[in-house]
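Below: one structure, written as structure tokens.
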Amino acid sequence: MELGGAAGALGPSGPLLVCLCFGTLAAQAADTCPEVKLVGLEGSDKLSILRGCPGLPGAPGLKGETGAAGLKGERGLPGVPGKAGPAGPKGSTGAQGEKGARGEKGESGQLHSCATGPRTCTELLTRGHFLSGWHTIYLPDCRPLTVLCDMDTDGGGWTVFQRRKDGSVDFFRTWTAYKQGFGSQLGEFWLGNDNIHALTAQGTSELRVDLMDFEGNHRFAKYQSFRMADEAEKYKLVLGAFVEGNAGDSLTDHGNHFFSTKDRDNDESPSNCAAQFQGAWWYHSCHSSNLNGRYLRGPHTSYANGINWKSWGRYNYSYKVSEMKLRLT
């Protein structure tokens, strides 16, 4: 049957029904059907389709032209520093700079100090240094030497070259140690044979020995002159007459004798007096005094190896304090 005849046979509603039939067939051929809403069939005979089925995707269009470059972004944060690279080649020396301004005048050098500085503790005393203590003096060869000056005893001006006071320093030492000197400014010391020789070579010096026992008793011995020869003469003791002192004379017997240590035997005894009596001294055979002996703290049963002074205490008493000092006359 032709569609036109069929629509005419259905009367005034025929065209609408034909369209609905075709819509139904199309919806069955697809998975989904459009949502249809009939509006005004009785009045206006109109049909409104609110949503139809989606069509098949179209072919992709042509690629568009590249757009213009965007604006440059802001600078980012700095990254983590990398490892240091190898050192570059050394550059060439630059041009010489201009001469600088003249500096301030420096302090006087040693030669000037030697020419004008004090030579002895006696000279320091005459310059107004009245306090006992450590001072710098200058030897004849311009060497500076720090010494302990006793400005209190017997008029002052004494240079102390030996001090024993507490046993803190071992005096049983070698020839080299006595040559150079040893000990502490705060305690016990030996100034050194070379230094003692240099001090006594400046002129005539007197000698004083001060002793104190462990009961607090003080005694002394004083000699008219004192000189120590140089190492070539084995530091021989050249001693003047005993002048005074309540300690008595226990050093005259050692005059004109050589200095001996445990490793350098220059005495007149078949044995080594320094090794036997554990000291270092101008031994003959062997001694009347041994002020560089062992620190034995008063009475001792051992024989003659302490800080002994025969004329006071004999050979079995070791003194608490011993000081040997010289003064240029």
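Each position is counted from 1, following the chain as shown.
For all residues, glycine too, the Cβ spot is worked out from N, Cα and C.
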**Study point:** CYS114: disulphide-linked cysteine among CYS142, CYS149 [source: Swiss-Prot]
**Key:** CYS142
Point to revise | Cysteine of CYS149, CYS273 paired with CYS286 via disulfide, per Swiss-Prot | key: CYS273
Revision key, fill the gap. For SER269 (Ca(2+) binding site), the spatially nearest of the recorded positions CYS121, CYS149, ASN316, using Cα atoms, is ASN316
Study note, to complete from the structure: Taking only the CA atoms, the spacing between CYS273 (disulfide bond) and ASP265 (Ca(2+) binding site), expressed in whole angstrom, is 8
**Study point:** Euclidean distance between Cα atoms of CYS142 (disulfide bond) and CYS121 (disulfide bond), Å
**Key:** 16
Practice item. Tell me whether CYS114 (disulfide bond) sits in a helix, a strand or coil according to DSSP. Key: helix
Practice item. Could you tell me which of these disulfide-bonded residues, CYS114, CYS121, CYS142, CYS286, has the fewest other Cβ atoms within 10 Å of its Cβ? Key: CYS142
Review point. Which three-state DSSP class does CYS149 (disulfide bond) fall into?
Key: strand
Study note, to complete from the structure: recorded positions near CYS286 (disulfide bond): from ASP267, SER271, ASN316, Cα within 10 Å gives ASP267, SER271
